[in-house]
Amino acid sequence: MALVKLISLEKIYQQGKIAVPALRGIDMEIESGEFTTIFGPSGSGKTTLLNMIGCLDKSTSGEIIFAGNSINQLSRNELADIRRYNLGFIFQSYNLIPVLTAFENVEFAIRLIDKHSKKDRRDKVMHILNEVGLGDMAYRKPNELSGGQKQRVAVARALIKEPKLVLADEPTANLDSETSEEVLQIMKKMNEELNTTFIFSTHDPQVMEYAKRLVEIKDGRITKDQRRD
Amino acid sequence: MKFLINIALKNMFRNKLRTFVSVLAIAFAVIVIVFARGLIDGMIESSYSMYIHYDTGHIKIMDQEYEQKQRLLSLAYTVDGIANKSLSEMENELLKLEGIEMVIPRVKFGAAVSTEEELVQMMAWGVDGQKELKFTNLERELVEGRMVSSGNREVVMGTELLRRIDKNVGERVTMVFNTAYSSFQGATFDIVGRIESNLPLLNKDLVFMPIDTARHLLYLEEESTELLLVTDDRDKAINYLPAVKNYLSANEGERYLAQEWREGSSFIQLLQVGERIYNFIYIFLLLLASIVVINTMVMIVNERTQEIGMMSALGLKKKDILKLFILEGGAMAVIGSFIGSIAGGTLTYFLSDIGINYGTAIEDMDILMTTIIYPNFKLEHLIFGFSLGIVITSLTAIIPAYRAANMDPTEALRDI
Ligand SMILES: Nc1ncnc2c1ncn2[C@@H]1O[C@H](COP(=O)(O)OP(=O)(O)O)[C@@H](O)[C@H]1O
Ligand SMILES: [Mg+2]
């Protein structure tokens, strides 16, 4: 069974009196363990699509099936629960909480789930920070970290709760190419080690190279969908 | 919840100046509240005790008719015993009632002293000197000589009154007055003591003499214009009142009137209404201070839009985000209120010792109030200011917090 299934998904933004169609009928299935990139020019609908899959926004028509259940009818709080327990997010502008250390930023995500003891939590956070190569920077605040390091903290934050799916909207857009590769490498490593499903958007050809599945989107429609090994 | 508190507290330090200004605004409002409450409390407390000491006692007994004629200092309607019993028997019976600890008789009448330039009017009180010393704070204000003692033709006067008649302690004074039979009489007294008080009544209007001397000169029997009852606790006087009323009406029907101190004075009733009105002023003051906090919070919410989106994406619900921002506003409220109540308390504490002199402003008003107010330092006022500061400010912080909680996550996350 597909982890996520999108059926004739449409999203139309209403801008005053003008209707702006951002997605015009998307059909797609994402299997567990995939490492997928959604690429396309700016304004093609990548962010909108990721927001739909990430249960952050509702579609105008069509359906999203997440792990076998349709999410169309869920309330705002129920969607928040799905995100809390099943999804990880990585953002273009990192969105770390500036007053918390790297450790605390990562811990934040599992504090919400709250089933771990303090010691368990500590071990898990340190483990994941070591995995992304930041074990010795755990107690630095975001402003004491480079862009790449910040994004690696964000990766750790997304992965700490071992979500079914991690969504990353242009995660490398603020990074130089060398750092971009570092971050991608870590994401790929996590995908392979933990079998976490990743979907990330980009318009950078160099970044696309890492994906095992490439989905091209133009003007709100999928124009290409290919798998590689 | 604990980690939300932790983040909220740390968030306060993100823009220290702004937090500082908000905290300062709350602190300032709370200072004013704590101090104003102490001041008003001091005013009320001092006028309560002035009225109790020099007008009403805890319970005042007088003739029904006398109530209307008090100002005329009439001698026609006195308390002269009950049923067939004498005044002293009546006093003893009153003392047996629950809570009554002392019965103070006073004979009030008008008198005058003629000097070379003018006729100086005054109010004469025939009193039991020992009882007055015990009940009032005359002991402290008797700055020269001694109190009047029974059997003697002697008086004690206020400093200002002595100055007006140009006399000193140790000298003699001749006073004229109307007797109970409305005949005009004069008598000469030794001045044995001088009172210096910041209560204008005591300082410039009142002359004390022994009650037996007064009765003798006025052709009164064993009678008083009024009886003041002192109870073990002024706040319980209202509970003791029914027994006193019963005793009076059972023996004497409608003739005597008994009033609790609060009923006895419209000024006290006015003060009590005032006390309630001030509470609204305090709340209004805090709402003004809260505007600064709301403004800060609105800026905070705008700046952290992306962060709110991130938190929402991570699965924080509306109520969590609401909590986070209310906690941040609440923390400012707690700190501001704490600083404010301590500073306000300190200010009150110092001024409660020194007093605030507003001098002659009330000197000629017909109320029993001293010219120096001592604010009343009470922990209760600190706690009041502290709690009110927290409650009002936190409640107003809900408005911007609600805005944050209601943000649409995709909108919040959108890069500008
Ligand atoms: N909130 C919105 N209101 C109106 N139009 C929007 C909104 N969000 C996105 N759009 C429009 O939808 C289209 C797709 O946008 P987006 O998904 O952000 O594309 P991408 O991420 O590929 O750049 C664009 O034309 C954009 O202007
Ligand atoms: Mg985008």
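Including glycine, each Cβ sits where the backbone N, Cα and C put it.
Given the structure is predicted, the values throughout are model-derived calculations rather than measurements.
Residues or ranges marked as domain 'MacB-like periplasmic core' by TrEMBL: B:19-233. What TrEMBL records for B:20-40, B:280-301, B:321-343, B:382-402 is transmembrane segment. Per TrEMBL, the feature domain 'ABC3 transporter permease C-terminal' maps to B:279-409.
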Going along the chain, which residues at least six beyond the ends of the transmembrane segment (B:382-402) come within the CB cut-off of under 8 Å? 26, 29-31, 33-34, 37, 282-283, 286-287, 289-290, 293-294, 297-298, 300-301, 321-322, 324-326, 328-330, 332-334, 336-338, 340-342, 344-345
Please indicate, using numbers and ranges, the residues of the same chain that are 6 or more beyond the transmembrane segment (B:280-301) and have a C-beta under 8 Å from a C-beta there. 11, 14-15, 18-19, 21-22, 25-26, 28-30, 32-33, 36-37, 308, 325, 328-329, 332-333, 336, 385, 388-389, 392-393, 396-397, 399-401, 403-404
DSSP says what for the domain 'ABC3 transporter permease C-terminal' (B:279-409): how many helix, strand, coil residues? 103 helix, 4 strand, 24 coil
Whole-number mean pLDDT, the domain 'MacB-like periplasmic core' (B:19-233), equals 92
Counting only residues 6+ away from its ends, which parts of the chain sit with a Cβ under 8 Å from the transmembrane segment (B:321-343)? 1, 4-5, 7-9, 11-12, 19, 22-31, 33-34, 289, 293, 296-297, 300-301, 308, 311-312, 382-383, 385-390, 393-394, 396-398, 400-402, 404-405
